[in-house]
Amino acid sequence: MASKIQFLFLLFLSIFSCLPIASTSGDHLGDIVKSVSDAGYKAMSLTLELTLPTLISSALADNNSITAITIFCPPDEAFRSLEHFRQPPLTLLKYHIAPVKLERKDLEPVLPLGIKINTLLHGHPIVETTSSITGNPSINGVEIKQWNIYNDGHVIVHGVENFFDPGYQTILYPMYDGEVLKDSNNSNMITIKALGQIVFVLVFMVVPAMILGIRYLSQKQKR
């Protein structure tokens, strides 16, 4: 009996050790929090201290192949602008964490524009853009102000000038709504909703226009 328990315990440790993101967040949570706080993002550091282990555990439960995350930290001023919440809702925090490694070289230069980046908030991606004022890389129109506040290869933290507005993607990039079909790079994605819209256009607009055109040419030839 004891040997079975020891075997299960060792199996659990071996599986857990294969999840670098989990071990990193657990072992280095204090380092992450301190780095974010030292960079001037006091409110976000406290929020991450309370929520980061839960967020990562939830992400791994949904997709155990995640090996890195990128966190975008809004400044303290953005937290004070939250009128109805003492702390940002968990859904909003998930919207600021991408389950992928995004370093400066991956976001700069930002070409092509409008690249979709999935977040921990399932079905609600962020969009890589360029700041209209400075030309620097931005997310959902929000400029990235500070790179690599923390970076251990598995957890990367960047500072941004404000919270991301989910409405930005919904209004300007509605083709990214709905369930996603992942490509081989797990980055650019085509949505089922977008495919449905394409089929609708082809069937109900392009095809009838072609039929009318053929009829018109046929009648013209008869004359």
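Yeah, the Cβs are placed from backbone N, Cα and C, and that goes for glycine too.
Under the heading signal peptide, TrEMBL lists 1-26.
What TrEMBL records for 29-168 is domain 'FAS1'. Model confidence over the domain 'FAS1' (29-168) is summarised by a mean pLDDT of 90.
What TrEMBL records for 194-217 is transmembrane segment.
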Secondary structure of the domain 'FAS1' (29-168) by DSSP, residue by residue, totals 48 helix, 34 strand, 58 coil
